[in-house]
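Visitor: Starting off with a structure, shown below.
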Amino acid sequence: MEPARAEYVPNPDASRDEMEAQQREIANVATFADAGCPAPAAVEIEEPLDLDQRRSLAGTGPIVAGVDQAFLDGVAVSAVVAIQGDSVVEVACGRTELSIPYIPGLLSFREGGPIIDALDSLTVDPDLLVFDGSGRIHYRQAGLATHLGVVYDRPAIGVAKNLLCGQPAESLAEPLPEGTRVPIYADESVTAEPGTILGYASQSRQFPNPERRHVNPIYVSPGHRVSAETAVSLVAAMGAGYKLPEPIRLADRAASDCKH
DNA sequence: GCGACAG
DNA sequence: ATCTTGTCGC
């Protein structure tokens, strides 16, 4: 697939000020409301899928693409796994030399290159992109999922394993029951009206007895063309019994496979 | 100055 | 993100 807005392709050689300025601009053109994204019921994944059992595209069901990265020395490997219904329909990889270090808040400038490299070789046309990292839960409301969602002008969701910024509506220190969703509000650290719901902490999975051993929530936020509420529901629909949604879980595996 | 900080 | 075996419990 090809970028729809080439002017927003992240440039790792830009100055920090330029990066931050571009992020504010991206947040302004991003849509944090449902606009052409699939319905959660249309992308349900009941059982864990197998990366090695691929099937060809069939019919007009929505295609969801999961994206994740792995690293070796100075190289970033990005993998995209495209899923339609209960089938993996395509797997693509991309790799790029790492040019800048990891800086919280500027992740898309470090990992955007390999991701675009991978998406460039994808032949199917995804209806939804799911990224490992934040979307609107970001200092300038322009995390990885928002940045790339805008670059491709495609519905996009960010799924993070840790909270970058924002204020949970309630404490997340104690284990939550499975299915719990806690709003993440904008606070002073975010360029949004205080009280804006940036995303949700979602307890996608929990053990029967959290006293002994518990699972942490995931942090789901809209990237582009999806609301915070629909984003959590979409991710929950693709859980297949795991903490992380199937597209991300498979992309994670594909990326480490791609390394070796 | 101090603390916080996706992957 | 990455370096890594066994081990405990629904």
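Keep in mind that glycine also has a Cβ here, set from the backbone N, Cα and C atoms.
The Mg(2+) binding site annotation in TrEMBL covers A:Asp68, A:Asp132. Residues or ranges marked as site 'Interaction with target DNA' by TrEMBL: A:Tyr102.
In terms of burial and nearby residues, how do these features look in this structure?
Guide: Within the same chain, residues at least 6 positions away in sequence whose Cβ sits under 8 Å from that of A:Asp68 (Mg(2+) binding site) are A:Ser78, A:Ala79, A:Phe131, A:Asp132, A:Ile248, A:Ala251, A:Asp252, A:Ala254, A:Ala255. A strand conformation is recorded for A:Asp68 (Mg(2+) binding site) in the three-state DSSP classification.
In the three-state DSSP reading, A:Tyr102 (site 'Interaction with target DNA') counts as coil.
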Visitor: What residues, ordered by sequence, lie under 8 A Cβ-to-Cβ from A:Tyr102 (site 'Interaction with target DNA') and sit at least six positions away in the same chain?
Guide: A:Arg110
